[in-house]
Structures are given as structure tokens and as C-alpha cells.
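A short write-up of the structure that comes next.
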Amino acid sequence: MRASQVFIVFITLALAIPFGITYDPSPLQDFCVANKNLNNGVFVNGKFCKDPKQVKAEDFFYSGLNVAGDTNNDVKSNVTTVNVENLPGLNTMGISLVRIDYAPYGQNPPHTHPRGTEILVLIEGTLYVGFVSSNQDNNRLFTKILHPGDVFVFPIGMIHFQVNIGKTPAVAFAGLSSQNAGVITIANTVFGSKPPINPEFLAQAFQLDANIVKDLEAKFASNN
Ligand SMILES: *[C@@H]1O[C@H](CO)[C@@H](O)[C@H](O)[C@H]1NC(C)=O
């Protein structure tokens, strides 16, 4: 290898290693089960650990993901989340899980997870899924039609969605690379903020009539 190649390899490693360890903290012990009793007044980047001697199997256990969420809502879908909030053993582990139910022609509307990449497996039904890349990548749309057993990845931070294009209910499960991946639903966030963003500003941003923005804001204010 020439000196310049060695230098490039060195720089690549030097840049990659810190990026690789900057997400959910890597455990410095076997586990750090979230302590639910210490939730007032003091904040840490994550949750406090329960005394390991008090930790039980229940701390690593969740039950109920066999039950469909109620899809009787405007978007006809329901996400059941298993993360550090309801499974304390996930604390510091950098992983979580969701079940998503879709009524026929229901959808999980455009949203993004600020802290997690998502890997989804379809169990039942037919989904049209996709994500849009960032401005730097020219906002390209990547889509696929999924059938049972198909898997799709939504890279961290990308706006993505799933639509049930079948006549029957659909069920998917997805893993996320964070104990607390977060969700930003685009329509609710932009049109349903409290207080609302000035409708004139959004009219210009979205190239819409201000009255349409006001209608949207009224709708999402009541939905949220
Ligand atoms: C999702 O389903 C659960 C359980 O049936 C229900 O409590 C919740 O209100 C539903 N959420 C939405 C947004 O419909």
C-alpha cells in the first residue's frame, strides 16, 4: 500500500469509529434496567439503572404483541410500541420493536424516527412501502410492494410510510436501532403544533392557499 492509501484508510477509520459509537450508549455492564421510580426532577441521557441485584426476568419481558391495535382512526392503522418506556430491560441496549396493524387501505402516514433505523417484516397482507432520501440526494423516492415474509429497511431519519393496498388487514413487525427511536409524524407535527404555526408561513412554505392551511391546522389540532 502506498503512503497516500494508508493515510486514506487511517482517516476513514478515524472518522467512522466515533460515528459508530455515538448512538444509544453501549452498556458498560451486563444490563442497565431502567428504574421507573426515579423519574422526577433529574434527567440523564436515557434512564437510571435499577440495582442489578433487584433485577428480575420481568424486567426483560413484555406480553401482548399478539393483540392487534385498534385501527378505527383517520389513517386506519395502529402502531404498538415496545421500547424502554414499557420494557425497562431495553435501557442502553439500542434496540426496540413495534407491531403495526393496517385496516384494508389504511396507512402508517409519512413520519421519521430521529434516532433509529427501522427493519420491517410483513406477516400478513400487502403493503406499499417507501422512503424519500434527503435534499442532498435530490429527494428520491424508494418504494417496494411487500408480500408476507418480505423485509424492507427505512434508514435512520428518512421520511417513510406504509400503505395497505390490499382488501384484507395487514400486520407487520419492525425492529428499530434505538431503545427510544422517537416518532415525528409529518402532518401532525407541521399542521398540529401547539400553538399552531402561523398559517401564512405554512401557506408560503407548502405553496398552498392560507385557508387550506387553516383547515388543516383546525383538523390536526383536534386530532392531536
Ligand atoms: C391503538 O390501539 C390501542 C389498543 O387497541 C388503543 O388503545 C389506541 O387508542 C389505538 N391508537 C390509535 C391512534 O387509534
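Backbone N, Cα and C atoms are what each Cβ position is placed from, and that goes for glycine too.
TrEMBL labels come from automatic prediction, so no person has curated them.
Lifted from TrEMBL, the feature list:
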BINDING   ASN108, HIS113, GLU118  oxalate binding site
BINDING   HIS111, HIS113, GLU118, HIS160  Mn(2+) binding site
DISULFID  CYS32-CYS49  disulfide bond
DOMAIN    65-214  domain 'Cupin type-1'
SIGNAL    1-16  signal peptide
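Across the domain 'Cupin type-1' (65-214), mean pLDDT in this model comes to 98. Looking only at the recorded positions CYS32, CYS49, GLU118, the one with its C-alpha closest to HIS111 (Mn(2+) binding site) is GLU118. Each of the binding-site residues HIS111, HIS160 was scored by how many other Cβ atoms lie within 10 Å of its Cβ, and the smallest score goes to HIS111. Annotation: HIS160 are the recorded positions among CYS32, CYS49, HIS160 whose CA atoms are within 10 angstroms of the CA of ASN108 (oxalate binding site). Counting only same-chain residues six or more apart in sequence, the Cβ atoms lying under 8 angstroms from the Cβ of HIS113 (oxalate binding site) belong to PHE154, ILE156, GLY157, LEU176, SER178, ALA181, GLY182, VAL183, ILE184. The distance from the Cα of HIS160 (Mn(2+) binding site) to the Cα of CYS49 (disulfide bond) comes to 33 Å.
Taking the Cβ of GLU118 (oxalate binding site) as reference, residues of its chain lying under 8 Å away and at least six apart in sequence are, in sequence order, VAL153, PHE154, HIS160, ALA174, GLY175, LEU176, SER177, ALA181. Applying DSSP to the domain 'Cupin type-1' (65-214) sorts its residues as follows: 25 helix, 57 strand, 68 coil.
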